[in-house]
Amino acid sequence: MNTSDLNGIIPKSNRLLDKARTYLDDFKAWVNLDSSNLSTGQQLAVKYFTVAVILFFAQLLFGMLAAIQFIYPGFLYEILDFNVNRMVHINAMIVWMLYGFIGSIYWLIEDESGTGIVGLKWANIAFWVLTGAVTLVVLVYLFIQIGPGKDSSLWFINEGREYIEAPRWADLGITAVMLVFFYNVVATFSKGQWSGIGGVLVLDLIALVGLYLAGMFYMTNITHEQYWWWWVIHLWVEATWEVLVGVIMAWSLMKLLGVRRKIVQTWLYIEVALMFGSGILGLGHHYFWIGMPEYWLSVGGFFSALEPIPLVAMVVHAVYDAGVHAFKTVNHPALAWVVAHAFGNFFGAGVWGFMHTLPQINMYTHGTQWSASHGHLSFFGAYATINIAFFYLAIQQWRGGVWMAAGAHHAWRWKWALGLLNAGVVGMTIALLIAGYEQSFIERAVEGSTWGGYFAAQNEPSFQRAMGWRLLFGGITLAGFILLVWDLLTIGKGETRKIPTINQS
Amino acid sequence: MIEPVALQDFFITFFSAALIILAGASYALLFAWSKVNSHFRIKIAALVSYAVLILSVAELTRAAHFQGYWLIISMAMAVGYFFAPIGIWHLCVKTHADQDLIKTKGGRR
């Protein structure tokens, strides 16, 4: 390349940058959000929410690609293989939910502690470090899809643990960022005032950070390896994440419905007791078939049977509270997503979980599309819904605390987004349930888990039809997501009515 | 030791397990509703839900070959789902104790 070529490239790239800047400015003018309505902590929170939404899109996009490959196995073969699409699909899901949770906590701690975030500068640095690391990890997933399994690949390419494939350098980075996050939370509450919500949050974050370390062991014995790996996957999701959602819900209910602090805190303690009481040893249902001692069959079976109790408690309390508040709120979309959370959590985690959790039946269903069916509904119902509810709370504040309840403009958008996303996920869940039933029956029960059985099940017309339906409903989910983003960017625009302040004590 | 579900019992196992959770939640919902609105029909509906739950537990016990200490799970579900909503209701009343609460048709709290 000679100097004249370079002379041509530099102005060209400058022109491109200027164009991009102009588009960004136009976009900002169109969205018309005023960050002066937000505190410094909330400004950080919306950065997390923005990345969460982008990763949510990545989850759906790579999920769609994987769904297409189930039907057309040659699609993107050796360009973007199924294992890569599936990995990015699942990793993006875990990370966007974490971004949503972290953003929600940054959003609420100033209000909850009564003071500004301590160490905000570090928190901002941590955000950019985490986002840079996530971007790099995904790029490595996409560009280095195959290679030898050496120590160096474990450190720099892929750790090879399903759901938490991030290489070890990223693991250490994530842990460091989590420690900064933990410091922000503890120092802020220490400077301001502690509350029951703050106490539960801090204890839960200790468990959240500590358990992630369990996913960084490397052992040559696959049983030992899986033993610790499940600590991250199960205990994060069915214990610490549930409590984190409890904290976010407790604060949101005070803001959305004006529920008194004493009540939400008492129930938060009860929920923590029920979640940890059943969830920790419910871990046993993952130990059934990995070479652990036989007593885990009984322990896992018994505590899995207890896991729906918090959900039953939720039903009773919802009826009790409905008689008091009659669901009066100033943010209809957020409340609608909280209601979707209650139903999704109950059906996804409770009904879909217990259907196949006892070892007498789980030996046929474990790791089939049945698990995928349960996973889709429970992750969406328990976690995606509550994050989306919080996005609506945040956007309301970002718009300056405008009215987002009865009579709001363009309400059809959030209603359709809610309907399409829920219908899409429920449709995928049913389709995967049919595929999982067929797979566990033919591959596992009839053919005895042989390779031949695997392919016999995959080639069954009912399995393939179910995968077609899954793709269709995946498309509906994607359409719902696009509408959701449009709604989040435009809801409350031009609205002049302000919300009354909800007081809680 | 566990005895796996027989092929012909696959569907009934999934179905009865799902029905336990659904009937348990229906019973909890109707029980709580009968406390808010003390109508005779709601109480009957709650008891019918509980009866469905008991039948589902019995069917799951048969289909999943629960024997020996596995029967504790069946007992825990039958007893636990009955008393859990009652206990949770009392917790609701206690945690809201100093608030002017629900006005019921029967004037009960």
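Including glycine, each Cβ sits where the backbone N, Cα and C put it.
Remember, predicted model here, so these are calculated numbers, not experimental data.
As recorded in TrEMBL:
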type	residues	note
TRANSMEM	A:48-72	transmembrane segment
TRANSMEM	A:92-109	transmembrane segment
TRANSMEM	A:121-146	transmembrane segment
TRANSMEM	A:166-186	transmembrane segment
TRANSMEM	A:198-219	transmembrane segment
TRANSMEM	A:231-254	transmembrane segment
TRANSMEM	A:266-289	transmembrane segment
TRANSMEM	A:295-322	transmembrane segment
TRANSMEM	A:334-355	transmembrane segment
TRANSMEM	A:375-395	transmembrane segment
TRANSMEM	A:416-437	transmembrane segment
TRANSMEM	A:469-489	transmembrane segment
Quiz prompt | Segment proximity, the transmembrane segment (A:334-355) to the transmembrane segment (A:416-437), 3 or more C-beta pairs under 8 Å | solution = yes
Self-check item: Among the ranges A:166-186, A:198-219, A:266-289, A:334-355, A:375-395, the one whose Cβ pairs under 8 Å to the transmembrane segment (A:92-109) are most numerous
Solution: A:375-395
Quiz item: When you check the transmembrane segment (A:231-254) against the transmembrane segment (A:121-146), do you get at least 3 Cβ pairs under 8 Å, counting only pairs 6 or more apart in sequence?
Solution: no
Quiz item: Out of A:121-146, A:198-219, A:266-289, which stretch touches the transmembrane segment (A:166-186) the most, going by CB pairs under 8 Å?
Solution: A:121-146
Exercise. Determine which residues of the chain contact the transmembrane segment (A:198-219) at the Cβ level, with the cut-off under 8 Å and only residues 6 or more beyond its ends counted.
Key: 105, 109, 112-113, 154, 161, 164, 168, 171, 174-175, 178-179, 181-182, 185-186, 189, 225, 228-229, 231-233, 235-236, 239-240, 243-244, 246-247, 268-269, 272
